[in-house]
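Visitor: Sharing a structure below in structure tokens format, with a few things to ask.
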Amino acid sequence: MTKILIRGAKVLGGEVQDVLIDGETIEATARQGEIDISGTDPDAEGITVIEAAGQILLPGLVDLHTHLREPGREDSETVLTGTRAAASGGYTSVFAMANTFPVADTAGVVEQVYRLGQEHGYCDVQPIGAVTVGLEGKKLAELGAMHESAAGVTVFSDDGKCVDDAVIMRRALEYVKAFGGVVAQHAQEPRLTEGAQMNEGVVSAELGLGGWPAVAEESIIARDVLLAEHVGSRVHICHLSTAGSVEIVRWAKSRGIDVTAEVTPHHLLLTDELVRSYNPVYKVNPPLRTERDVMALREALADGTIDIVATDHAPHPHEDKDCEWAAAAMGMVGLETALSVVQHTMVDTGLLDWAGVADRMSFKPAKIGRATGHGRPVSAGEPANLTLVDPAYRGLVDPAGFASRSRNTPYEGRELPGRVTHTFLRGRATLMDGKLA
Ligand SMILES: NC(=O)N[C@@H](CC(=O)O)C(=O)O
């Protein structure tokens, strides 16, 4: 088994350290130069040396909200192409949403996805189980069977749809509490968003497009944090998109309610002004909101009201986006640009330091999803799940170079900072010098 010496990186953006990987674990970390391999021929000794001066070494990123599309929509993405995209973006673990075809609402389907992840190995794939049968919101799925399965499901979500029936949501919270599971709610009151095409506001009025009112998200979040308090369980809120949602989560946390929340990279950067272009790449659920919402989300991620960044990586083939706005599919790819968008919106603006990025994109998502071995400290004895980032890089986003099967990125042609140079999954480089293994 070769050893890998990562020399001269700033660990978590702090002091410069050398990190020695032996097999699947970190053997040692020490101040620059204190791990001495001088006098030995690295190749002869089977030691690969990575000169990482100026780079940041983070724990491997964890995405709690990824759509891998397999089974059923392999034209958009597969577990192979999606996990290659994840490794390109610095991820060592992703949680795969259940809105596949068939829906991941049985032990059989979640085990199929889990096995595909093991087979391809670009990152760990943790299937998310549907809360209700067929994502229909009417009957609880086999939550226990999915948890007991080889996939060991702990996160349950009907993402794409809302668990809008309060009794069903209460029973789901009660059921998963028994084994420490968590329900991740896609907060969208369905009747308030019938025919919705974009954020309800000034722009939707001017364009004459059906509005997706903030209250359709906020009313569900308000209900669910109270249900979680009533049941005495935890609850996770997917893709917060409004300032009002931030206030409700902040209030719930101040009451001691065990709620966690995520924000996507696109909701940290983009607003509904982009819809004026009628370019369907900007069509997403929940929709892009206003500048005021963007700023509230950034502040909330900085102060910890929002716990994590989750990509909501939603790949769609060209034909599902290359059509008029009303008919276009909703969603954006995000795995390969997430860290750059977070650096641009949070680090380069002084709202978060790199230790904060590690917290929001690795430590906390791993904790919420119980991703064993991920989100661990960069220290001796820990699994070598690591991401090396060159923060000084600047480049234009070119989807032609994406590992994802899909190209529906809202950042095409935009200059973003930062580049993941290496990703290590238990000591094995899945990305080496920017190239997938
Ligand atoms: N986020 C999106 O815009 N799309 C998601 C599902 C969803 O949340 O609608 C998808 O699976 O494509």
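Using N, Cα and C of the backbone, Cβ positions are placed for all residues, glycine too.
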Visitor: For the Zn(2+) 2 site, TrEMBL lists His186, His239; sort out which one of Asp159, Asp164, Asp165, Asp272 goes with them.
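Guide: Looking through Asp159, Asp164, Asp165, Asp272, the residue TrEMBL assigns to the Zn(2+) 2 site is Asp159.
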Visitor: Where TrEMBL shows His65, His67, Asp159 binding Zn(2+) 1, which of Asp307, Asp312, Asp320 is named for the same site?
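Guide: Given His65, His67, Asp159 bind Zn(2+) 1 in TrEMBL, the matching entry from Asp307, Asp312, Asp320 is Asp312.
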Visitor: Tell me the Cβ neighbour count for His186 (Zn(2+) 2 binding site), meaning other Cβ atoms within 10 Å of its Cβ, over all protein chains shown.
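Guide: By my count, 25.
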Visitor: Measure from each Cβ of the binding-site residues His67, Leu68, Asn99, Asn285, Asp312 to the atoms of ligand 1 and list the residues where some distance is under 6 Å.
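Guide: Among His67, Leu68, Asn99, Asn285, Asp312, near ligand 1: His67, Asn99, Asn285, Asp312.
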Visitor: Taking the Cβ of His65 (Zn(2+) 1 binding site) as the centre, how many other Cβ atoms fall within a 10 Å radius?
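Guide: His65 (Zn(2+) 1 binding site): 29 neighbouring Cβ atoms within 10 Å.
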Visitor: Mind checking which of Asn99, Asn285 has the fewest other CB atoms within 10 A of its CB? They're the binding-site residues.
Guide: Asn285
Visitor: At the Cα level, what's the spacing in Å between Leu68 (substrate binding site) and Asp312 (Zn(2+) 1 binding site), rounded?
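Guide: A Cα-Cα distance of 10 Å.
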Visitor: For a quick check of understanding: among the binding-site residues Asp159, Asp312, which residue's Cβ has the most other Cβ atoms within 10 Å?
Guide: Asp312
